[in-house]
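Student: Starting off with a structure, shown below.
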Amino acid sequence: MTTDTIVAQATAPGRGGVGIIRVSGKLASDVAHTLLGHLPKPRYADFCDFKAADGSVIDQGIALFFKGPNSFTGEDVLELQGHGGQVVMDMLIRAVLKVKGVRIARPGEFSEQAFMNDKLDLTQAEAIADLIDATSEQAAKSALHSLQGEFSTQVHTLVDKITNLRLYVEAAIDFPDEEVDFLSDGKIAAALYAIIDQLDEVQASAKQGSIIREGMKVVIAGRPNAGKSSLLNALAGKESAIVTDIAGTTRDVLREHIHLDGMPLHIIDTAGLRDTTDEVERIGIERAWSEIASADRVLFMVDGTDTAAVDPHEIWPDFIDRLPKAMGVTVVRNKADLTGEPLEATEEQGYSVYRISAKTGLGVDALKQHLKSLMGYQSNLEGGFIARRRHLEALEQASEHLQLGKVQLEVYLAGELLAEELRMAQQALSEITGEFTSDDLLGKIFSSFCIGK
């Protein structure tokens, strides 16, 4: 951990009513004496002049001093809140750097110091960047929940339960004559199943939090001339794709990035799926299947004039059978303006079914609301936390180890192997909060932050 004293502008560069310079480290008090002529009373606002080394006044404003460990970074912190002109900010930073031993902060270094000094765990530190980068009110609220420790608390609860179970199993190993009875009495199995169920719930919430942060990938798929490109245009609100009556017009993947009430949505229009001898169209169809395989949701576009069926297994069983097992599918019956069917949403055989006219826009707003709900949009903004892809990967690793541990318990009654799988699951979860994390990962995370944060 560095013992350097660091300085950076904490507010965004450019013109503004207020600009803030932040200093953190053991030399923060020396900086105060140099620029202010005194050390402000800790945690009290002090209106004073900010002076250069020659005594000339650079600016005047509010000085705040926080004595470590009672500060954001856990170190002594000085904040100078002056006028927001960039020239003034640069002059103040140069004056601070004249104090020997002070250097410019790296991106995210203030948050990194807070993490190193146990003021924040890693998910809370990441939540600061996510709160700053939030593109919707929902994302901001979820990031704030993570900053307040909601995600961390759930992870810590799981780690504690896994640790206690592991100790219980290891106690059984220490008494080999009783180990088999100990492992087969049902108590360990019940505790393990409860942990697996709880982890499943956290995984579901984390996946929703990841969608709120990164957006949901929605692929529009179906047979040629079902109206896929028309739906892309309707959702995007512009003519992104060429629309004709000729089957196979779309031969490549088309992408649009839109926001629904600020929530990011990545829409992919694909080539119509069919057998073809046209080489270019065939390549487009292969790309379509590749996009479908990595989608968060598939909009199965159906030409309502071709069939009255609503069950996708009845409409096109081969298509549904080829989809990844856990893929979410929404059936979109298009051309309701021609079929005259009511513009209603129904649930059929576990699938959401929407009736629309991509050409006229009828029913498209209801489909947008459906997509918003899938992304976790909540009008009351209650609950939920933000999550990153690395969090999902760590949760999946923990889940895999718990499932392997379940096999060791149920099939082999192997206490040592169960204990090892529990240890690996515990380690995977601890990577989320930073209790077990490599320096390379820390560097990658904090380097993506703003300077001054």
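Residue 1 is the first one shown; counting continues down the chain.
Cβ coordinates are placed from backbone N, Cα and C, and glycine is handled just like the others.
Feature table excerpt (Swiss-Prot):
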{"type": "BINDING", "residues": "Arg22, Glu79, Lys119, Lys453", "note": "(6S)-5-formyl-5,6,7,8-tetrahydrofolate binding site"}
{"type": "BINDING", "residues": "Asn225, Thr244, Ile246, Thr249", "note": "K(+) binding site"}
{"type": "BINDING", "residues": "225-230, 244-250, 269-272, 334-337", "note": "GTP binding site"}
{"type": "BINDING", "residues": "Ser229, Thr250", "note": "Mg(2+) binding site"}
{"type": "DOMAIN", "residues": "215-376", "note": "domain 'TrmE-type G'"}
Student: Cβ-Cβ under 8 Å from Lys453 ((6S)-5-formyl-5,6,7,8-tetrahydrofolate binding site), same chain, 6 or more residues apart: which ones?
Tutor: Ala10, Pro107, Gly108, Phe110, Ser111, Ile128, Ala129, Ile132
Student: In Å, rounded, how far does the Cα of Arg22 ((6S)-5-formyl-5,6,7,8-tetrahydrofolate binding site) sit from the Cα of Lys228 (GTP binding site)?
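Tutor: Given the Cα positions, Arg22 ((6S)-5-formyl-5,6,7,8-tetrahydrofolate binding site) is 52 Å from Lys228 (GTP binding site).
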Student: Here are the binding-site residues: Asn225, Ser229. Which has the lowest count of other Cβ atoms within 10 Å?
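Tutor: Lowest Cβ count within 10 Å among the binding-site residues (Asn225, Ser229) is Asn225.
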Student: For Lys228 (GTP binding site), what is the tally of other C-beta atoms lying within 10 angstroms of its C-beta?
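Tutor: Its Cβ has 31 other Cβ atoms within 10 Å.
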Student: Using only the residues recorded as binding (6S)-5-formyl-5,6,7,8-tetrahydrofolate (Arg22, Glu79, Lys119, Lys453), report the maximum Cα-Cα distance in Å, whole number please.
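Tutor: Those residues reach a largest Cα separation of 18 Å.
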Student: Go through Arg22, Lys119, Lys335, our binding-site residues, and report the one whose Cβ sees the most other Cβ atoms within 10 Å.
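Tutor: By the 10 Å Cβ neighbour count, Arg22 comes out on top.
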Student: List, in sequence order, the residues of the same chain other than Arg22, Glu79, Lys119, Lys453 whose Cβ lies within 8 Å of the centroid of the Cβ atoms of the recorded (6S)-5-formyl-5,6,7,8-tetrahydrofolate site.
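Tutor: After dropping the recorded site residues, what remains is Ala10, Ser24, Ser71, Phe72, Thr73, Val77, Phe110, Ser111, Ala114, Gly452.
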Student: On the 0 to 100 scale, where does the mean pLDDT of the domain 'TrmE-type G' (215-376) fall?
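Tutor: Taking every residue of the domain 'TrmE-type G' (215-376) together, the mean pLDDT is 88.
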